[in-house]
Every structure is written in C-alpha cells, then in structure tokens.
Amino acid sequence: MYGRYTQELGTFAKDEAARLRLQQERWDGGGGRPRRPSELLEYSQGRCAPCRVCAVQCQQFLISKVGEDWIFLILLGLVMALVSWAMDFAIATCLQAQKWMYGGLETNVLLQYLAWVTYPTVLITFSAGFTQILAPQAVGSGIPEMKTILRGVVLKEYLTFKTFVAKVIGLTCALGSGMPLGKEGPFVHIASMCAALISRCLSLFGGIHENEARKIEMLAAACAVGVGCCFAAPIGGVLFSIEVTSTFFAVRNYWRGFFAATFSAFIFRVLAVWNKDEETITALFKTRFRLDYPFDLQELPAFAILGIASGFGGALFVYLNRKIVQFMRRQKTINRFLMKKRLLFPALVTLVISTLTFPPGFGQFMAGQLTQKDTLVTLFDNQTWAKQDLTEGYLGILEAWHHPRSSVFVILIVFTLMKFWMSALATTIPVPCGAFMPVFVIGAAFGRLVGESMAAWFPEGIHTDSTAHRIVPGGYAVVGAAALSGAVTHTVSTAVIVFELTGQISHILPVMIAVILANTVAQSLQPSLYDSIIRIKKLPYLPELGWGHHEKYNVRVEDIMVRDIPYVTLNCKYRDLQHVLQSTKMKSLALVESAESMILLGSIERTQVVALLSHQLSAERRLQALRQKALAEQEGAAEDGQRLSDSSVRFQISTEASSFAPARSGSRKPLKPALKRVPSSLAEGTQASAADHSGIALKSLFCANASSEPAEAQGTAQRKTKHVRISLSEDADLGDKMTPSEVLEWEEQQLDQPVDFSSAKIDPAPFQLVEHTSLHKTHTVFSLLGLDHAYVTSIGRLVGMVSLKELRKAIEGSLTAKGVKVRPPLASFRDSTTSASEPDTTDIRQLWDRHQHHAMPREAAPAADEAASDK
C-alpha cells in the first residue's frame, strides 16, 4: 500500500510467464478452443444464447476500444442536459405563475401586493426548510466546496444522492421565486454530484469510483459540464471551471471537459428546439450589433474606465457579502435567535426585497416586474434609449425602463444601486443559490448606464475622418457584464462566456481590456467571492501568492515551520503512544529512529496508532493473560501435589527397603513402562514444556505403584487441581472477571511494554522539505501535489513541519500564530561561502553509520523467508 513490494519484480515476471504458458498449453490440449469466460456462462443457455453472448461480447469490445471514459462523459452530459432543461422549465413555470397572479389582481393593489410578496416568500421558505431538513450541505453555491474537494479534501456527504435531491429542488424553488439569485455555482455542484452518483451506482464505471485519481479527473470534467449546460457555453464553461476550481490543471483532463460540456450544451439546446422554445440552436441572449463598425477606437478609454470601475465594484460586492455574514455571526443575540428560528431570516429578506421590487410601488423606478432573463435581453438591446421619444419606441418589455417622471439614467442608477445590495444580501440566505447571474445583470446595467451616457455626450457619434458612427450602448452592457462578473470571481473566462451567450465576437477587444483591468483591481483589493466563502466556512484552502510582494519569495521554510511537533520513536512504549494521541489531533505522526538522533524513518497514520494501542489493551489479550495466569496456577497446584506425593512415596520406599530388602530389585522393573504410560487427562490439561511433562509422568508413576499412598495427601492434590480447572473453565465461558483495580494494574503493565510496529502500515517516504526551501517553491509543491503537510528535515533529522495553516498564514502575512517561529524575511539569507562542510560531513557519516546498524520494521523478502526455511 505504501510502496513496499512483497515479491521481486523479476520473480513475479517469471511466475506470470509460467502461468500464461501453462494456460496456453491447457487451451491447446483442449482442442484449440479456449474455455468460455465465467461471466458469459449465464448467457449460454436458452434459445437466444448466441445472441446474448454476442451482445455481451460487443459490449466488452466497445468498452475496450472506445473506453469507459467516453461512455461515462456522454452519460454525464446527457443527464445534466436533461436536469438543466427540466429545471429551467420548472423555473419558467413558477415565474409565469407569479406574473399570472399579479396580472389577474390588477383591480386591487392590496391583493396584488399580497400576491407579489407571499408567493416568493413561500417558495424561499420552503426551499430553506426542505434543504435544512434533507441535506444542509446543499446550501450555497457549491463551487467553494468543489474547489476544496478537487484539492484532495474529503467533505462528508457533499456528493450524495440526498444532497443532489435537496440541491435540485431547493434551487428550483429559489430561482422560481424571482429573487436576485444565480444558478451557475449550484449547477457545478449538481454536475459533480451526478458524476459521483453515476460512477458509484453503475458497476460499469466502478473503476472510476474506486480510483481516487480518476475520480478527481471526472469531477473536474463535471465542473465544466455544469457551466456548459447552464449557459449553453461549453468553451467558456471549461475555462471558467478551470479558473475557479483548480490552481494547476492537468492537460489530460482538457478533452474530457470539452467533450462532456459540448455534448451537454448541444443536448440542452436541442431540447429547447424540441419544446418549440426556439426555432433553431442559437445563443441564449442573441445580440444584433453592427459588425462593420462595432465601436470606435476612441471609445477604448471609456471601456477601460468601465473595467476599472467594475473592478472596484466587484471588490465592494465581495466585501459587503462577507461583512453581512460576519455581522450575523458575531451578534450573539441575533445569531442565537436565528438558530432557533432558521426560516425567519430567509422569509424576512424575501419580504423586504419583494416589497421594494413591487411594480406599482418603488419597483417602477427599477424595472421591478422584469425577470433576470428579460432584464438581460433588454439591456443588450442595440437601440439607444436616451435618444428615443418618451412615447414611442418603448414597446413590449422595454416599457419597464420608461417612466414619465424620470429619465432612463435615473432608472439605471436606481436599478444598479438597489440590485447591488439586494444581491449581496440575498446570496447570504440559507438556500441553494449562486451569485454569478445577479452580478452579471448588475454589470450589464452599469455598462448600459455608461453607454447611454456616452451616447448622450456624443449624440452624433465620435467623428473620425469626416465619418461618424453612433455609439451602441448595448456593447457597453456586454462589456460591463463580463467585467463585473470577472472581478467578483477573479476569472478572465467570463469574456468567453459573454461571447457564447450573445453569439457575437465583435467586442472582443474592449471586453478583454475591461475584464483584465477589472481583475487587476479586484485581485489587489479583495479575494474572489469563492475564496471569501471558503474563509467564512473555514474550509482548508491555500491562497495564491499576491502580486508585487517580492519579500515573500525570500521567506524560507525555517521561518514559518512548527518546530515542536509530536512524533513516535521506533523504540517507544505504548504509554508514549497514549500520550501522543492525547496531546495532538494530527492525522499523521512522524516516525523517528530515536529522540536523540531524530532521523525521520517515515510516517504512521493516527488510525494505525490507535489500532496498535487498542490491540495492546484489548479484552482478548486481557482474557488471554488471565488464562495464562490460571494455567500457571494449575501447574503450581500440580507441582504441589507432586511434592506431596513424592514425600509419601519416598517414605514408603525407605520403609520397605528396611523391612523387605530383597524386594527392592523387583520394585524397579516397571520404571520404563510407567514413564511412557501417561494418563490422557493429564496430557490434555498440561502443555507447557518437556520438563513439566516429565514431572507429571513421574507423579503418575509413583502414584500408580504406591498402593499404600496416604489418602489425605492424594485428596488434597486432587482438590487443588479440580479448583484450578473449574476457575479456568469459568473464565473461558464467562469472559474476563478481573476487578477494576486488577484491570488497571494489567493495563499499566501493558503500557510499559515496547511497541511492535510489525503489524502497522508505515509510509516509508513521507513528503519532506529542507530548511532552505523558499516559500514560493513550497506553495507550488503544495498546490501541485495537493499536500496538507510536509516534514522539514536537515541532513535526515526531523526539525519541523509545515502544514496548510502555517503556509496560509505566511502568505497572508499573519505570522504570529502559536508554535510558528517568526523571523524577518531577510534573516534566512546565508553566506554562500560559509558552508561548514567538515562538520556536516562528520554528522552525515555518523548518521549513516547509526542508520546502517538500526533496521526499520518492514516486510520480509521472499528470499529471506526461503533462507530461513532452509535453515
């Protein structure tokens, strides 16, 4: 399990070749036809047996040639497309029901308000309650948890069927309420759960579920499928999933993500055409910008300013979202109240937001009656709203942005500001929801505001070479949506998602400029929204090295490592193991040669240490010790009886010798047969040693030949032996009958014995770093390998340990934790000329000599076993 082989590779190859040769000879001897595999025997009976066998063989051939990865990805894409389409259909039905209720009560404003407020409140409350009862792990986005899982951390019940049901139903109700919530993050979680359930339930893909590495690869592909089927954007989905879930991405998973995401997006759009929602496969938010001259070169500064402003806005959104959660947690009174009334907080938030968006009320100044999809469709419109007549041009859903007593600019400003804090507040309620779509809509509104302002300042367009092209505000909306969503999530792939959503690539240059500038500003101010949630939930994570912090590259491992770490020595006692388990909660312990040398021999899991200690203090060993004690008492009683019999026999022999001297020679004849004639009952009761058997045989000899043995001595010996046998049988039947004090005394004796590591699984090669390893290299190694800790050694000696906690504090600049030695960054520099080669060489020689004379517990090689058997 940990890299130790029980057989040499050459020996194994020879044995395998001999086995294959023998198998081939058997086949040739059986008429040249190999026997049918055992898995096909069940199909070899009946009238349709040849067809069944042919079908099974075709299936096996398809899997062997095509590969189970392709079949798994096709099935994953198909399932996610069906789930996405069904959820969109249910969400659209819920939103249409709300509009129907609102429109049917237009004669009474009070009833309209009650219907407008009650409907989303009921749905959100049901979603929160259902999720809390069935699977609380389904709350929130799911991307932070997937980012942690893909790093190798096991999160309990995050990929189960129960969580899948809670996520799907809860997300459908939450989005059907019309609240400013998103679905991209939850779809990533749903796709990951689908992948885990498919690999777990179908025996065909059992290898994926059992192999941890392949499981992580398929989960990475599932994250791309989640984004791809959510927006019908396979390319942007793959890139987005890579950016938000991986620090380093294996290129071999690239084709898996693209294939599954493309197939899922295709099926998702085909289902829309089949349901007659679309005439053909098109973009979700198709735009009609002019292609010959989409923007003027002099508009690029405006796009750059839009990107910088979006960067500040994204950082502010993350900050506001985190502060709301921290406020709710730090206020103990509010926290205790909300813990008792879990459904009250989502109901209150929904009530406030739905009241503010009530169309006849304040909602008329912020397009309150529009859904998120209708809002994006109108914001991406290629017309200029500010230049149109107030009574004409606002047809259909565009009428929501028109108000007779306010301008378009006021409505866009109010919409942007109100939706900003509403979305930050709504994403904190305990329901399955994401934040990408609300931020996307806010960015589109802000970009539309900038575009309308530019169109108002330059009504005829920017003149260049006696030609003027009017400004398209919809292009600014596209740029703003990509920039703000990229700033919140710290991704650049939002630009590609925008291109696939709109179906046009004409604004590729301004979109990329704005997204890059927004990311630059946001990353220098705040972490991404997903990293912020990871910190709030205290999930194990590893932050990125910040830009421009060159002093962090000069920090070394010796500056941040924990020096006082628990360890286990090779010659320790069980009491030391007990002390280590009580003093630390670490999952892995270092195994060193001795406390003086501190030579690192390997690492042992905490479960293995617990197993060793439990076995040493187990009830079975205590009962065995009690049986041995009873057996010793039995042997002692037998020896007492033997001494009594011997004394009486010697007395009789001496008396007979004095009275009947001629009969002495005759009395010695039966000596040899009597030694061989041992009673069977005594032979079964005693199995200690040859000397004991000889003593018992002598006792039987003298007792058999001494007819004048005193009856009192013989009865005493029999009573003692009978008492010991009865007590032993009672212990064997009734178990351990030791008193608590005797048990405690026995455990104390067992704890003082040396530990036997022969039955424990020891990792002989735990990951190690040297003292002078830089922080940058340590961060890279931890990110690539998904480590949670590494030992620090110096010439083989264990000098410390670095875990995610210390590394995270070092990167974040808070090197003040207990147990972390804080030193200035430049204190690690050493003079390269002073290498101290002679002392180091001496230490190395001493350690090497000591290590050669001390063997580590390991499995015996086959050659050694054969040599021992020959001896």
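Note: Cβ is positioned from N, Cα and C throughout, glycine not excepted.
What TrEMBL says about a protein is an automatic prediction, not a curated fact.
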Range among 639-659, 660-680, 828-848 that TrEMBL annotates as region 'Disordered': 660-680
TrEMBL annotation (transmembrane segment) - matching range among 406-429, 478-501: 478-501
Touch test for the transmembrane segment (478-501) and the transmembrane segment (300-322), at least 3 Cβ pairs under 8 Å: yes
Top Cβ-contact partner of the transmembrane segment (343-362) among 70-92, 113-135, 218-242, 254-274 (pairs under 8 Å): 113-135
Candidates 113-135, 218-242, 254-274, 300-322; stretch with most C-beta pairs under 8 Å toward the transmembrane segment (70-92): 254-274
Long-range neighbours of the transmembrane segment (300-322), counting only residues six or more past its ends (CB under 8 A): 420-421, 423-424, 427-428, 435, 439, 442-443, 446-447, 450, 454, 476, 479-480, 483-484, 486-488, 509-510, 513-522, 525-529, 532, 535-536
